[in-house]
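Read through the structure below, which is laid out as structure tokens, and then see the notes.
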Amino acid sequence: MTARVLDGKQLAQTMRVEIAAAVAARTAAGKRPPGLAVVLIGDNKASAAYVRNKQKGCAEVGMGSWLHHLPVHTSESHLLALLDTLNTDPAVHGILVQLPLPPQIREDAVIHAVGPRKDVDAFHPENVGLLAAGFPRFVPCTPHGVVHLLRRNDVPLAGREVVVVGRSNIVGKPLALLMMQKATTANPAGCDATVTVAHTRTPDLAAVCRRADVLVAAVGRAGLITPDMVKSGAAVVDVGTNPGAAGKLVGDVDPAVAGVAGALSPVPGGVGPMTITMLLANTLRAAELLDG
Ligand code: GUN
């Protein structure tokens, strides 16, 4: 078998056209264009590249974007003061502080300091709680991108065995919630699946993964998922972005899995472009909720 490609690049493009149309309709109605403020601290190359793609995405759909690039030795109090200003700026609908942060700044303090109505990452405990309760204000970007990538490629989810490998606050945990949740009007990203969460302490990870009709790898270990861990015909989503040889990006899934899986998302060009598109969707939603 050669797996069907779950093409995130193409789907992201289609969805950006939809978002751009909604943005254009708002501006034609005299409303402010949705605006995203991105805060980047230091000179981490990978973070700088992600931030550039986020800004490019904003420009593509007609949204405003502002980059606040602060030096690596910025104090926590300086960053919190900037967030206070952004929280009250009416042109800013979404705020994103790029992670990871330098060691003098507590991630926890920053997550609490982004106003929950502008928290397009959905990292604030208020938004985490709303998602866990089944009526999210914002659906976290990467998990939402995974759900759209599967849905729009007609991969069945309701009642299916989904195995999520990884339990991070950014991907594994919120994705497991969406996968297990009932699909409702308040939570259309709910998938009604049967969900197992596996991680580095799971014994016989291969046996657990082989149960999956849909296998999602979000660990951050290059090539962790090998063909023997995949049921024939399963859909496999690779969320990993690991540094490979010659500056190339490699996923958590061994490319040889394409010989066993029924569908596979590539790295790059799978989940990555979807994540940024969901950030744009959340910024549009923030504008709708804040400005009407
Ligand atoms: N760093 C890696 N992924 C993310 C993300 O989704 N949001 C933010 N703010 N930083 C990240």
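Backbone N, Cα and C define each Cβ position, glycine as well.
Automated prediction, rather than curation, is the source of TrEMBL annotations.
Taken verbatim from TrEMBL:
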BINDING   Gly166, Arg167, Ser168, Thr241  NADP(+) binding site
DOMAIN    6-121  domain 'Tetrahydrofolate dehydrogenase/cyclohydrolase catalytic'
DOMAIN    140-288  domain 'Tetrahydrofolate dehydrogenase/cyclohydrolase NAD(P)-binding'
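Known features from TrEMBL, placed on the structure.
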residue	record	contacts (Cβ under 8 Å, 6+ apart)
Gly166	NADP(+) binding site	Gly172, His199, Val216, Ala217, Ala218, Val219, Gly220, Val239
Arg167	NADP(+) binding site	Lys173, Ala176, Val197, His199
Ser168	NADP(+) binding site	Ala218
Thr241	NADP(+) binding site	Ala46, Gly220, Leu249, Gly251, Val267, Pro268, Gly272
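For the domain 'Tetrahydrofolate dehydrogenase/cyclohydrolase NAD(P)-binding' (140-288), residue counts in helix, strand and coil come to 55 helix, 26 strand, 68 coil, using DSSP. For the domain 'Tetrahydrofolate dehydrogenase/cyclohydrolase catalytic' (6-121), DSSP puts the residue distribution at 60 helix, 19 strand, 37 coil.
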